[in-house]
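See structure below.
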Amino acid sequence: VGPRLTIKDPRWVGAWWLGFLIAAGSVALAAIPYFFFPKEMPKEKHELQFRRKVLAVTDSPARKDKDSPSKQSPGESTKKQDGLVQIAPNLTVIQFIKVFPRVLLQTLRHPIFLLVVLSQVCLSSMAAGMATFLPKFLERQFSITASYANLLIGCLSFPSVIVGIVVGGVLVKRLHLGPVGCGALCLLGMLLCLFFSLPLFFIGCPSHQIAGITHQTSAQPGLELFPSCMEVCSCPSDGFNPVCDPSTRVEYITPCHAGCSSQVVQDALDKSQVFYTNCSCVAEGNPVMAGSCDSTCSHLVVPFLLLVSLGSALACLTHTPSFMLILRGVKKEDKTLAVGIQFMFLRILAWMPSPVIHGSAIDTTCVHWALSCGRRAVCRYYNNDLLRNRFIGLQFFFKTGSVICFALVLAILRQQDKEARTKESRSSPAVAQQLLVSGPGKKPEDSRV
């Protein structure tokens, strides 16, 4: 008879595919309204007709005679050519490929755009690592089931992300924030997120005591490295059926490693519990129960996840203002391309490498690997302290990078605002003097501007 598994058993595999089916069905239902969209949006159609009229007026013979190259300065000719490029209705694929490198370099040379995108890369790296490995981290760190970990994440983390994005948009609209205000809001949100991440280094559970794996300086029974009491059992090295000694809270990889020779099943109304008796490697020969030992600090998962959710909300507070910085920092004709470049960098620099980096860091904290055909297959036990420090440390590293980028953005915006005010204050006396010289019946040449 095979072992009776429960949801608390680390070998338990639930209906992991069911969530993908539900999500795919929801996406398919949400995509149905797209089939009823018109071929052209009315506003875009009128704008396209207006641009064609402008092109027709610009290319008329009278306009060409009036604005001949001999009567224009080189700067005006260049501006006119740029304007023709800006109002061009469409570009072919070949034309777009030729223009793309120049526009890409021109966009990346903009310091505000580059720094905001780098800060979003850091935030997306943090989000990718959290979304991929947070359930596993909670399961291993606090000895809770995978279903309970995902339930907590769905009830606390995801709503906090939505609240953070909405609150950020409301603040930008209500306070009428300009570029400097958006930069200050982004920096404040990330500083608070970084502050609330510090307690996460100290909220966690210690590693389990596993016989033959955990090395202790004390002479506590059951913690010797592969004790001789189980040598006669010829225990398989790749077996995994954990049992727990409730008196000493020492865990054994299999009942064989505990030296047990018999099995007892106690049936109850709701579930049955399996015990192994006559265990020669257990202190005082106490029976051991099937399954891993429960953690004494599983209750800390709720405050830990509350802090994570609060940090996520504060980080998502920067979503709308940072997007506004990108839209306001590039030219009107380059906005669409700038957004495309932004998401390209997010995919390449954040969502693709971040899970690999987090996974590699987590693998370095493993203390016992299961073997399959002589090769490492899956990690059975982790060093909880190392796991917590490295996982939260990576998150802290990405948050720090985002804070630095937003601080540089705010410094540049303030410098630009200061230079604009200085230029405006210098130009005001010149305009007033021109008004006095021109007299009441005349207007200055630049009065239209």
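Backbone N, Cα and C atoms are what each Cβ position is placed from, and that goes for glycine too.
TrEMBL entries are annotated by machine, without manual review.
What TrEMBL says about this protein:
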DOMAIN    223-283  domain 'Kazal-like'
REGION    59-82  region 'Disordered'
REGION    420-449  region 'Disordered'
TRANSMEM  15-37  transmembrane segment
TRANSMEM  112-134  transmembrane segment
TRANSMEM  146-172  transmembrane segment
TRANSMEM  184-204  transmembrane segment
TRANSMEM  300-327  transmembrane segment
TRANSMEM  348-371  transmembrane segment
TRANSMEM  391-413  transmembrane segment
In the same chain, who gets a Cβ under 8 Å from the transmembrane segment (300-327) while lying at least 6 residues past its ends? 112-113, 116-117, 119-120, 123, 126, 130, 134, 138, 141-142, 144, 149, 152-153, 156-157, 159-161, 163-165, 167-169, 171-172, 177, 179, 181-183, 185-186, 189-190, 192-193, 196-197, 199-200, 203-205, 335, 338-339, 342, 399, 402, 406, 409
Using a Cβ distance cut-off of under 8 Å, indicate which of 15-37, 112-134, 146-172, 184-204, 348-371 has the most pairs with the transmembrane segment (391-413). 112-134
On the 0 to 100 scale, where does the mean pLDDT of the domain 'Kazal-like' (223-283) fall? 76
Long-range Cβ neighbours of the transmembrane segment (15-37) (under 8 Å; 6 or more residues past either end): none
